[in-house]
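Heads up: the structure comes next, in structure tokens.
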Amino acid sequence: MSALFSLVAVYVLVCALHKQIKKYASVCYLGSACVSVAVVCVVWSGATKGNFGVRVLLHPLTSASFSTAIFTFVMCASVLKNGLLKQRVMGLRAELAITAAILTLGHNIAHGRDYLVRLCGSTGDLSTGFLVAGAVSMVLVLLMSILAVTSFKVVRRRMGAKTWKRVQRLAYLFYGLTYVHLSFILLPTALRGYIPSVVSYVLYTVIFATYALLRVRKALGKRKGACALCSAAVAVSFVAFVLGASHMVRHTRRAHTERTTRAKARKCSPAEMKDGVYEASAQGHNGKLSLRVTISQGRIEAVTVVGHSDDDPYASWAVEGVSAAIVGAQSTDVDVVSEATSTSEAIIRAVEKILQQPQP
């Protein structure tokens, strides 16, 4: 949902403050840098733990949804129909790109520390999606840095027009890899039925696919058969998108049905278990999550997550919230934590494995 909110917010800001952004670009850069530093401090300090309102408010910044929305307008500006919006965005492409890059760096630094720690350690428990997303992120940071630096007028003048244009063609690779990165981040939770991820992924898919088709059409120009080729591509893409969306909807419904059925069928009772400390693991968003459950006098005394590969601070919210909820309810029939669905479900599945162990 933050993707949709961010796109609307950027649209309003560009329409309302285009003159101020152009005139006071340096102020925008400085403000973006301050916001990035604040995001890093908030994420590293864990200040959002236990405060749902703050998490929701800061999510567009901590998740880079807002900076991605800015890049989306920069990307789509060249293929928009001539009009007021295109005129305003085209006049601000450099300023918007630099601002988005600064904001994105805050996101990269905030979450990059955990990525690097896990990548430098044992990768055996990390999912393929996590490894690919991490590798793509590194390439994106490099491309983004090059494009942002060359967007400054002083650098552009020294490079020369031809060289600058060749470098700026890297933007196409940047946009393509951005969609790949978003897919690896959003698809796992979207396919598990998390509605905000479904909405964001469908929205990004429509935007990036539309841009790609319009960009190809513009590149072909008035060549013979160009319109027919683009029309055919649009038709094929539309059919593919409908089929993919239908599959996602069916998968989402099936996942929801399985969760509902599993919840109804649960007969996991700690009262039937002997006292002791039990261990189990389950697949999280990025890899294996391991935990221990302490049983005493027929009650769950503690649920302790001893290791996971999921992204903080989101995973920490699930570890704190779901673990406490299970202890409080003495059951695994508890709600997942918003924005940490995969980690929440992994905790629940691992505890269920323990409670379903046969007792002598």
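Yeah, the Cβs are placed from backbone N, Cα and C, and that goes for glycine too.
If you look up Swiss-Prot, you'll see 26-48 (among others) marked as transmembrane segment, on the strength of sequence analysis.
Outside the transmembrane segment (58-80), and at least 6 residues removed from its termini, the chain residues within Cβ reach (under 8 Å) are 2-3, 5-7, 9-11, 14, 35, 39, 42-43, 48, 86, 89-90, 93, 96-97, 99-101, 103-104, 106-107, 110, 171, 175, 178, 182, 200, 207, 211, 214-215, 218, 313, 339. Positions annotated as transmembrane segment by Swiss-Prot, on the basis of sequence analysis: 58-80 (among others).
If one looks beyond the transmembrane segment (89-111) by at least 6 residues along the same chain, the residues whose Cβ comes under 8 Å of a Cβ in the stretch are 14, 18, 21-22, 25, 28-29, 32-33, 35-40, 42-44, 61-64, 66-68, 70-71, 73-74, 76-78, 80, 137, 141, 144-145, 147-148, 151-153, 311-312. Feature annotation from Swiss-Prot assigns transmembrane segment to 89-111 (among others); the stated evidence is sequence analysis.
Marked as transmembrane segment by Swiss-Prot on the basis of sequence analysis: 126-148 (among others).
Residues 68, 71, 75, 129-130, 132-133, 136-137, 139-140, 143-144, 146-147, 197-198, 200-201, 204-205, 208, 211, 215, 248, 251-252, 255, 285, 341-342 of the same chain lie 6 or more positions beyond the ends of the transmembrane segment (169-191) yet place their CB under 8 Å from a CB of it. Annotation source Swiss-Prot lists transmembrane segment at 169-191 (among others).
Taken from Swiss-Prot, the feature transmembrane segment applies to 195-214 (among others), supported by sequence analysis.
The transmembrane segment annotation in Swiss-Prot covers 227-249 (among others).
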Quiz item: So which residues does the transmembrane segment (126-148) touch in its own chain, when a touch means Cβ under 8 Å and the partner is 6 or more beyond its ends?
Solution: 97-98, 101-102, 104-105, 108, 112, 115, 118-119, 167-168, 170-171, 173-174, 177-178, 180-181, 184-185, 187-188, 283, 285-287, 309
Practice problem: Mind checking which residues of the chain, 6+ beyond the ends of the transmembrane segment (26-48), have their Cβ under 8 Å from one of its Cβ atoms? | Solution: 54-55, 58, 61-62, 95, 98-99, 102-103, 105-107, 109-111, 113, 312-313, 316-317
